[in-house]
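Chemist: Would you mind keeping the following structure in view while I ask a few things?
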Amino acid sequence: MNILTFPTDAELNEAGAGIITGLVQTKPNAVLGLATGSTPIGIYKEMIRTFRKNMVSYKQATTFNLDEYVGLPASDPQSYAYYMKEHLFDHIDASPERTHIPSGTAADPEAECKRYDALLESYGQIDLQLLGLGHNGHIGFNEPDHSLIRGTHVVKLSDQTRDANARFFETPERVPTHAITMGVGTILKAKTILLVVKGADKADIVHRALTGEITTECPASLLQTHPHLVVLLDAEAGRHFR
Ligand SMILES: O=P(O)(O)OC[C@H]1O[C@](O)(CO)[C@@H](O)[C@@H]1O
């Protein structure tokens, strides 16, 4: 595990974007696992800046997003499909047919999970999986539990996660109750995992996840078992690592 702490947000974002663009420069058909939430926005901005300087092309890259809310169509500004267009896809040359996100409005969500897994399977392995961290230790939407699910599945969101994400919705009641998420098995299968954590409110959970007991009650703690884990922390989130 390689843990890097950055004094400024700008430096962290540059480093994160540098790792992703560096991979796509050397392997144009890379398979990227992408994340949403507030954490990766700065990294996506940097990736767009590098793209605009004609330093990288995403035309041949394939992307798989971690998760999507059940019930939200891609046209809903709170959906992760919308987020990805707004923060990344509309600003780079990614091929729409190669950018994959679970559908939140599939008539049969279970069948949608199977479809997504089969598609992931057809690519073999994600080259680089970008991850944020939930306040309760979730990765993707894999919530703390006495057991975790390997593949893509429908998950009931914890109250803590719904509260944390309520800031993006008009009212807390509008936060969807369920999501589709890639499973921890798929996440851990990625060749490299890039975990990005920002903010004082995540200092304790990231420390627990990376140095504490490996337990499904803190899904991110399973990342300790990954052979190529890179962790980018801002000064606040990295407080316990200094
Ligand atoms: O970056 P944020 O907004 O704190 O979110 C952290 C995590 O929560 C999720 O957005 C899901 O709630 C994850 O996809 C993300 O990694």
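In case you wondered, yes, glycine gets a Cβ from its N, Cα and C as well.
Below are the features I grabbed from TrEMBL:
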DOMAIN    19-226  domain 'Glucosamine/galactosamine-6-phosphate isomerase'
ACT_SITE  Asp67  active site, proton acceptor
ACT_SITE  Asn136  active site, for ring-opening step
ACT_SITE  His138  active site, proton acceptor
ACT_SITE  Glu143  active site, for ring-opening step
Chemist: Cβ atoms within 10 Å, counted per site: which of Asn136, His138, Glu143 has the most, among these active-site residues?
Modeler: His138
Chemist: Provide the number of Cβ atoms within 10 Å of the Cβ of Asp67 (active site, proton acceptor), excluding the reference atom itself.
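Modeler: Asp67 (active site, proton acceptor): 23 neighbouring Cβ atoms within 10 Å.
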Chemist: How big is the gap, in Å, between the Cα of Glu143 (active site, for ring-opening step) and that of Asp67 (active site, proton acceptor), rounded to a whole number?
Modeler: 12
Chemist: Within the domain 'Glucosamine/galactosamine-6-phosphate isomerase' (19-226), what mean pLDDT does the predicted structure show?
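Modeler: Summarising the domain 'Glucosamine/galactosamine-6-phosphate isomerase' (19-226) by its mean pLDDT gives 97.
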Chemist: Reported as an integer number of Å, what is the Cα distance between Asn136 (active site, for ring-opening step) and Asp67 (active site, proton acceptor)?
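Modeler: So the alpha carbons of Asn136 (active site, for ring-opening step) and Asp67 (active site, proton acceptor) sit roughly 17 Å from each other.
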Chemist: Between His138 (active site, proton acceptor) and Asp67 (active site, proton acceptor), what C-alpha distance do you get in Å?
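Modeler: On Cα coordinates alone, these residues lie 12 Å apart.
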